[in-house]
Amino acid sequence: MTTPALLPLSGRRIPTLSPGTSSFPHHRATLRLSEKFILLLILSAFITLCFGAFFFLPDNSKHKLWPTHSLHLSAPVLFPGADLTVEWCEDGKVREEEESLRDKIRADHERALQEAKEKLRKSREELQAEIQTEKNKLMEDLKKKDAGPKPLPPVPMPRVVGVSDGEPPEPDVKEKRDKIREMMKHAWDSYRQYGWGHNELKPLAKKGHSTNIFGNSQLGATIVDALDTLYIMGLHEEFKDGQEWIEQNLDFGVNAEVSVFEVNIRFIGGLLATYYLSGQEVFKMKAVQLAEKLLPAFNTPTGIPWAMVNLKSGVGRNWGWASAGSSILAEFGTLHMEFVHLTYLTGNPAYYQKVMHIRKLLAKMDRPNGLYPNYLNPRTGRWGQHHTSVGGLGDSFYEYLLKAWLMSDKTDTEARKTYDDAIEAIERHLIRKSNGGLTFIGEWKNGHLERKMGHLACFAGGMFALGADGSPDDKAGHYLQLGAEIAHTCHESYDRTVLKLGPEAFKFDSGLEAVAVRQNEKYYILRPEVIETYWYMWRFTHDPKYRQWGWEAAQAIDKYCRVSGGFSGVKDVYSSNPTYDDVQQSFFLAETLKYLYLLFSSDDLLPFESWVFNTEAHPLPVLHLGNITLPGSEPAQR
């Protein structure tokens, strides 16, 4: 059998570049490119002819007895995407499908021979010119790829109101607000000086800091998390610095394993909020680029996402400590707000569909006592250990059910019904009054109520108030009162410490109420949840005590957490000589200081009618969709 020296030009393949390569590989091989290319063509021609010869062999099938059946063939190499079904007859003859396939291969074979002969007639210079042409084409393709993603489809910009100002008419309130603004500037300037580009700041060591939720990569978490706060406070120069860093340095192509939940609420939430507030396209584009990196986390048997995903490889896994490889309710249940906005802005239904799939899966599952356990196995679709909490591991799942309804302009009635049912079960099984009359939210563990409440659960006071309007059975007054009781309990947890800052968790048994017992629960890491509830309660009641309580907390933070290099958490709120943990959390700038600033602003700054805050305090506009239907969704029902 004679083989041609070369395949036709149209059939040859340019060497592909390895991931991350921006140009052709360095010339370290012993053969030059043109020689390699010719050898590759010869090899390709040889393989093609071998396959052709196989089909041209005499048909021996008639000498065999074949049962009548269908033979499923897949030909991914010769014919990508081909899916061929060939039926055999009892006498061994093939039907028209195989004959058609033979004809096609024979024609391809003849064409390959002819084009190879023409190739052999060309000079070395002509071949080199063709190779150079292919190289140039490849370089142009790479340039187009490096130019960035295609522009996103135009969509109506949601009506944004109250994105700045909000100056209070009272001079003393304005003075307090100015103080909060100064605290923000100190936190930002310290980060700018000592931790720029790092995820967070060590304010005592005066250097950058990162944790495993960011994969130990320099993604500038504090910059992304703080930008909308800077914008709202009118710190324009600081905002400009952050925007420039994001434009020039924020790269999601890093080999870093990150928390899907934390990256979603801090980065995607922060970028989307800043886009809506400022109108700068770069923030939208960066949010979409990052969101695409998170999608592989949903590649599980159930569609419940992994807790972590590698931004470069797309490989996901769960935390090792989470109940036999389970995913966590508060993590996979806190994606809805951001993902709905991603679908709205991009026209890509995948984001909306993935979060709705989670909701539908949960709706089908049995819930012990109507409660949602904190752990769900993404492989089996079964609950892990029966532990239910409105604090850590569960908190923002309930928050996002309510806020999905609010963000949809109150058209997502399914989300509202799910929220109401969940809160009814929580009130029945988890909410109690202490002997001293303090209302608290305990934790349900294997049929037993643990009379302990975490600082994280203190957000629920604001959630109950926010969800009061629209609650079933005319219970709006009841839930507003419940919110006030939770706010009071959480204030007591602050007031009963030496530093007037709340502990991480506090008990309601053995004669102790709203007090931390264990040493590892006495710390305060600049958390926002109590101040968050003060702000919601102020907006709904205008009771001056909420501003007073917020000011007490602000003064305590400024007195005991402020250091020359920023703000630090403290390890024991009951000690008059506290030691520092030396971390300025990004959420301190994103949430704690923002909620304080809003508490001392007028209500026309980010009004509830137009904005819904994600769980990291990033405001996203209400989508007044009207008759517009999100891609991949069913028409909204009012």
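Here the Cβ of each residue, glycine as well, is placed from N, Cα and C on the backbone.
Curation plays no part in TrEMBL annotations; they are all automatic predictions.
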Partner cysteine of CYS458 (disulphide bond, per TrEMBL) from CYS490, CYS561: CYS490
Count of other CB atoms lying within 10 Å of the CB belonging to THR615 (Ca(2+) binding site): 25
Spatial separation of CYS458 (disulfide bond) from THR615 (Ca(2+) binding site) - C-alpha basis, Å: 13
Active-site residues compared (GLU262, GLU504, GLU529) - highest count of Cβ atoms within 10 Å: GLU529
When distances run from the Cα of ASP395 (active site) to each of the recorded positions CYS490, GLU504, GLU529, the nearest one: GLU529
Alpha-carbon spacing, GLU504 (active site, proton donor) to CYS458 (disulfide bond), which is rounded to whole Å: 10
Residues near CYS458 (disulfide bond) in space but at least six apart in sequence (CB under 8 A): ILE486, ALA487, THR489, CYS490, SER493, GLY502, GLU529, VAL530, GLU532, THR533
